[in-house]
Structures are given as structure tokens and as C-alpha cells.
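To start, the structure under review is shown below, and the notes come after it.
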Amino acid sequence: MAALERIPPLVVASFLPHSLCALVIKYESVIHEFDPYFNYRVTQFLSKNGIYEFWNWFDDRTWYPLGRVIGGTVYPGLTLTAGTIWWVLNSLNIPLSVETVCVFTAPVFSAFASWATYLLTKGSGAGLTAAALLAMVPSYISRSVAGSYDNEAVAIFALIFTFYLYIKTLNTGSLFYATLNAIAYFYMVCSWGGYTFIINLIPMHVLLCIVTGRYSPRLYIAYAPLVVLGTLLAALVPVVGFNAVLTSEHFASFLVFIIIHVVALVYYIKGILSPKMFKVAVTLVVSIGLVVCLIVVAVLVALVASSPTGGWSGRSLSLLDPTYASKYIQIIASVSEHQPPTWPSYFMDINACFSPLSDASSFVVLYIVMSVYFSGVMVRLMLVLAPAACIMSGIALSQAFDVFTASIKYQLGEMSNSKDDVKEKISTNNETKDDASSAKGEKVAKERPSKKGKKKEREPADKPSVKSKIAKKKALVLPLEASIVALLLLIMLGAFYVIHCVWAAAEAYSVPSIVLTSQSHDGLHVFDDFRESYAWLSHNTDVDDKLASWWDYGYQTTAMANRTVIVDNNTWNNTHIATVGTAMSSPEKAAWEIFNSLDVKYVLVVFGGIDLNINKFLWMVRIGGGVFPHIKEADYLRDGQYRIDSEATPTILNCLCTGTNLSCKFVETDGKGYDWVRRTEIVKKNFKLTHFEEVFTSHHWMVRIYKLKPQKNRIRGKGKKLKLKTSTGFSKTAKKNPWM
């Protein structure tokens, strides 16, 4: 019955995130952000062409002229999950579109994540509290809202469920749960690159248990099948492949795998040998184990030494060394999600209390410690911190609620008992004394106590623990007034948490990046310029035309305009992105030469007064300068700042990015050429482009599209004039292409 009574609250806690995340559809059912548009496009291809075509799909509309092998470069978990849901629904004659399924995949899996959090958290009350907290925490809502069709939508559920199955196996020692744990880990590998957090956190916990003397066969069963079966399954994912055994992110699991086998062998020998023989055997086993470990370490060192990054990926090195990306890989540092968070972000996105935890397991403690560190390095990893914070807060709040309610019950019970004692005392005083015969009988009974009486007399002395338990229970009892006030404050804290989370879901995460809004004195204004621009490209350009833009807008352009782009959000080729950054940072003629060599016909830029590409311009310069040394950031700075006012440098005023943003009737917008973002007046107002022509500007001037002008015909006799100048000594050496 107790289990059945917990089902309705659990259903509510699971339904709550789905409802809250679905409420953020303000305008229409639309995909959010940038990366989800690529996932949506891939899901469309999967549903239309099938799984085999998906694995072998070579996409020639991205990274022109290189292209991209989609099946071997994506984590397919999200796509296969949504594609399967779409196929099942259509098989049941529920005709939902692929877009609708993609939009609502994240809210559905947020309910699954709350359910997994309930299972992972110890105790029914704490589990329900943790599930409710995760259902509303803004950090998770940012990736579980309707339309947030990104890998984390399903990966957070896989992360929590894998941890639950690991703890379940650790508690039961069941090979069945160990197998399920490996399968859950495989789903996590398919879904997100953050699976490396699992394959490093669990070995750390196993090593902690061994060091603290808490090894058991259950620990071996929980860990060994996960490493063997999980690694084999992970190698089946094309994007991972042999990286599951060759990269440094996985080496910790293999080292701990060897250590736990040595420890298991030692415990086995101890059980079958005498103490004297055991010492000899332990010496032999430890010696052999050390030799094996040294050999493995030597092999790993050799593998690491052969890699310029030590076998680590750029993102992993950025987590271990927060300054690595800014020093060596500017493309990673340019992503906003890879920036360190500010302290207000923890209160905005987590908004949970960090209370002392008394009964938490070492794994949960290790989980929250590691997730706090990694979230402090990269703001995106606050997603990993959110479940840990909710579990800790759920346990703390549940225990506090139990103490306060128990104190109130105890105090009310004491008050009722005191009233009963007064009544009993009054009734006792009115009774007559016992007769002499009964007194004499009692005296005889006292002189000859029975065995039963002796046993009863011994009971208080034999069970002192009962008194200690009662004393301990009384020590936790708070005054009635303090308990009521504390309980009311706890309820108010929960109410404020709900209000904050609903506000964050409705305001901070409800507006997709493709549709912007602003509030002014005359009401709400909606800016739909991006979709307007993509529609113009789709209807007014040829299917085979190539478009250049900064990499942020690549996925959206390919998905919504169906046009070939030079770079996109995958950021797998730093040189290609640096080429586009160099073109944007170069003078108009040099930029035209670069784009013309890439067969580009149109260039898309985001316009000045609202979200100027100059906001991203520093990364164009840094990424371009990292590959092409002639691009120097110091040439674009004045007093350490990028400026476009009277203090701007000539280099930044004459580059393509500034010219395409501020040319063609910019002064006509307000008569001054005033930049409303930087609150300054543009110094160079009349840009005249000679190699590019404006073909489209969106309704609110947010997006501008330029077309490359064709190359002019060479003038007849120009070669003779150059030859004549050479003979007279006035010839000019041909300028070298600046981006070569």
C-alpha cells in the first residue's frame, strides 16, 4: 500500500516537467536555437530515407567544397529516438509531422529524467522532492523546453538513469542490472559526447571504495561488466569508434579495471589460504599487478606521446585547464556555452539550496563535487550539475520537513498527554485506599516473585537502547512555535522557487533565437527577420548557390533555406572557419578574392544597430589570425577595445564585416548613423562597396545579404602597358593573395 500511495505524487512529479516545458510555446511550434536545426534536418532525412541511407549519407550542402559524412560524425541517439517515435506514432495511425515530434521530444524526456531522479534519490520523500525540483530547475528547462531539439534533451535522462542502474547494481550485486547499466551507458554514448563524464566518475568512485576498504563482490559486478560491455558497445557508435580505447578520456576506466581485478584476486586468495601462505601469495600478486600496471602505463604513455594534445580532445583539455582554449583553440573559446559562468548563473539556473547531507552515499557526494568543478569551468555543464543539486536539495528539504512535522506532532502529543495526566491525578485522589487483605496479598507477592516477574524486572536493564532511542528522538524535537515558523518558511521557500522557475521558463527560455522580441512603451515587438531572410534565399537564389556567413548561422541556413554553406556550427575544420574569418576581417577586394575562390555567390551578415556581427568580430579576427599570421588583432584595437566611432582604427573601418553592415542607406535609418548597441555615432557613414552589392535587407534591418559582383573583363592591351612599365623600371610587383 505504501508503494501504491507514492504513485500519484510520482505521476504528478513526472507530468510537471512535461507541462512546464510545453507551456513555453508562445508563438508557434518551432525549433529553437541553432544546433537543433541540424538535428531536425537529419531526422527529416532519416524518416524519409531510412536507417541505412542515414549511416551512409554524405551531405554536400555543408562545408563546401569539403562536405561532411553525417552518419560518421553525429551522435545518433537523439535522431534515432525521435525517428523511432515518429515511426511508431504513424504506424498507429497518429499522423504527426516530423517537426512536431522533434519539438516535443525534449518535454517527454524531461518527464523520464524526473522519474529517473526519483529512483536515484534514496527515500520516497526525498525522491519526490528531488524529482519535483528537477522538473522546474531553470538549468534543465533551458534544454528541455518544447523546441529545444538538442542532444542534451535525451542525454540528461540517460545520464541519471545510468547512475541509478550503477547504484542499483552496487546494492544488489545483480548481473541483470549490470547488463542494463551497460545498455544505458551505450544509449548515453549514442546521445552526447558528455558520456566521458560517466566513464570517469564511476572509476573514481570505485577507486574511492577500494582505498577506503569498502571493496565487495557487488562493487566488482557493478564495475567490471560496465567497462567490458560498455566499451564494446561504445565502439559500435561510428562517431566514437576506436576512440573508446585510444583516447585519454577512457584510460582511467582501464587502469581502475586492472586495480579492481588485483584487489579481487587478493580477497579471493585470502579466503582459501592460511595467513602465512596468504602473505606470500599477496606479495606475488601485488608484484605481478605492479608489473602489469607499469606495462599498461608505458603503453598509454607511448600512445599519449604520439598525440600533440596528449590524447585529449580540445574540449576535455579546456575542462582540465580553463585557459587552454583561449590560448590554443579560439574556435572553442568563441562558443558562448563554453565560457565560465558567473555566480548569478548558479542562482538563476540552479536556484537550489546546498544543505549539509548526512545520509548521502559517497557516489552522490563525488558526483556533486565533480559537477560543481566542471560547471565552474564551462557554463554548459550546469546541465550536469542540476540533477546533483536537486538530489542533494531533495534529501535536505525532505529531512528538514520530517524534523519539523515530527516536532509539531510530538509537541501536540505532549500537550494532550499532560491534560490526560491531570485528569488521571484528580480521579486517583478521589479513590479510596485498598483494603488490608489486598495489601497483604501484594506483600506476599513481593516476597515470592515469580520467574515471570523477575523477567519483567530485568527488561529495563536488558534494553537500554530503547531509552537511548527515545532520548535521541527527543533531542531532535524543536519547540512548537519554532517548528511552525520553520515549516512556513520552508513552504515559502518552495513557493518562491516555483515562481522563479515558472518566470525563467516563460521569459528566459520561451523565445527561440530565430524569433526575437523586445518590450517597449507601445507593447511587445516581434522580430522575425531571420526566417524572412531564409525564405528570401529559398525563393530568390538558385539551389546550387553557395552562401558564406559566420558559422553560427550555418545550421539554420541549410535547414531553412536549403542552400549550400561554407561553414556551420559543427566547427570540425578550424582552417575553413579561419578562412571565412579572414575574409570578414580583410578589405573588400581581398575578401572578394577569398569568397570567389570558394565559389561563394552570396554573403549573409547580421546588421549593426541590433546584433551587429562586430559583436562576434573579435572571434573572426582571433580565429583568422590563428591560422593566417597577417591578421593581427592589435591592428583592430584602440586602447584594447573594438571601436567604430571616431577612435576606430583604419583597419577595422575598411574591413568587409564593417562595410557590409554599415553600407547602403545605413545613415537613412535615423539620419545620424547611430549604433544603438554601443551607444555611439559611426565615424565612417558613407561606405561604398565596389565588389559586393546589396540584394536584401530584412524588415527590421537585422539581416543583410550581399551578392558578389562578377569579375570585370580585362582591358585589351593591359599586358603591353605592364610590359612597357617593366622596361622603364616603374613596374609594381603583384600583390600576394592575403589569405594564402
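A Cβ is built for glycine as well, from the same backbone N, Cα and C atoms used for every other residue.
What you are looking at is a predicted structure, and each value in this text was computed from that prediction instead of being measured.
Annotated range for transmembrane segment in TrEMBL, selecting from 4-26, 96-118: 96-118.
Counting Cβ pairs closer than 8 Å and at least 6 residues apart in sequence, the transmembrane segment (251-269) and the transmembrane segment (364-383) reach fewer than three and form no contact. Of the candidate ranges 69-89, 124-141, 184-208, 220-245, 364-383, 124-141 has the most C-beta pairs within less than 8 angstroms of the transmembrane segment (475-499).
For the domain 'Oligosaccharyl transferase STT3 N-terminal' (24-392), the mean pLDDT of the prediction comes to 82. If one looks beyond the transmembrane segment (96-118) by at least 6 residues along the same chain, the residues whose Cβ comes under 8 Å of a Cβ in the stretch are 10, 13-18, 21-22, 25, 29-31, 36, 39-40, 43-44, 47, 78, 81-82, 85-86, 89-90, 127-128, 130-132, 134-135, 140-141, 143-150, 153-154, 156-157, 160-161, 164, 387, 390-391, 394.
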